[in-house]
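Visitor: Got a structure here, written out as structure tokens. Questions coming.
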Amino acid sequence: MSKKIVLLPGDGIGPEIVAEAKKVLEAVDAKFKLGLKFEEDLIGGCAIDVHGVPLAQSTLDRCKAADAVLMGSVGGPKWDALDSNIRPEKGLLKIRYEMGLYANLRPAILYPQLADASSLKPEIVSGLDILIVRELTGGIYFGEPRGIRLLDNGERQGYNTYVYAEHEIERIGRTAFEMAMKRDKKVCSVDKANVLEATVLWREVIQSISKDYPEVELSHMYVDNAAMQLVRAPKQFDVVVTGNMFGDILSDTAAMLTGSIGMLPSASLNQDSKGLYEPVHGSAPDIAGQGVANPLATILSAAMMLRYSLNEAAAADAIEAAVGAVLDDGLRSADIFSEGMKKVSTQEMGDAVAAKI
């Protein structure tokens, strides 16, 4: 039975890195007989140029009908002056919301071959393997009312609403505990329950879920302390679960512990484990078309796609092992290059990973 994957290369370096991920997926498809079928469509700035909107309804329908979606990146200075309602990034927010992608999985793994790339001492980060589980469709980014209003005294006031319903906390919490069961069985829930009522409820719901997972050790941490601990002693964490805004900030902090954002994949899943997979890094318009972008985050996102949406763990393992083997061989893209290594292009890196499979 075939599995349909929609590719959304997007803007900037997106088309280059998605092309390499597709190449690697074709290699595992040939080896494991997965029956992968690919369709390609537009999102972001390139969709605005063609359709006048960052995500056409036809594209959204195609994504909803697929088994999984693999995206490159969206945005660039060309579209920065547009009204905020039709900016490239709105296409990504819409696809997350319309597909019900409430769980964002952000691994922060330090490859031993790249230990020197981290800004922290090797003894602090070596062996780092954190999974941040971020709630993606609720919280202050989606809460209503929101806006900018004119007060009676003539002053303008900006306002947003931080809101979470029990069911939203429940489902992201269960996702985190399920992930922890497959890892080191530790969950740290991050909130600001000493100040925000919405996160008082968050803490209560997470605590009650933990009763269903007695093997998993649960801890709670205020977000300011969590940010400090991520830098001070990151290896204390296994799975971190948190709301939309806190997760947005903490996952980028965790990303830089690894030394290169060009290595980090992500997954966004819905109730049915259908998902959108994308690298953590942006569209990098300054290097687009030069063949120097690191495709490994997108390739590793493809591995996550095989694992979480297509239930093809062996194929996912094969991709991750191939990435490790290529790094062992000393091949490096520009962003992770160091003295004594061999600098390779985007395409050469993709070729090397595919060849290892």
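Quick reminder: no glycine exception, Cβ is built from N, Cα and C everywhere.
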Visitor: Among ARG87, ARG106, ARG146, which is the one Swiss-Prot gives for the substrate site where ARG96, ARG134, ASP224 also bind?
Guide: ARG106
Visitor: Including all protein chains displayed, how many Cβ atoms other than that of ARG96 (substrate binding site) lie within 10 Å of its Cβ?
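Guide: Neighbour count, Cβ to Cβ under the 10 Å cut-off: 19.
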Visitor: Going along the chain, which residues six or more apart from ALA284 (NAD(+) binding site) have their CB under 8 A from its CB?
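Guide: Expected: GLY12, ILE13, SER73, ALA293.
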Visitor: Whose Cβ lies within 8 Å of the mean position of the Cβ atoms of ASP224, ASP248, ASP252, the Mg(2+) site, other than those residues?
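Guide: So the extra residues in range turn out to be VAL223, ALA227, MET245, PHE246, GLY247, ILE249, LEU250, SER251, THR253.
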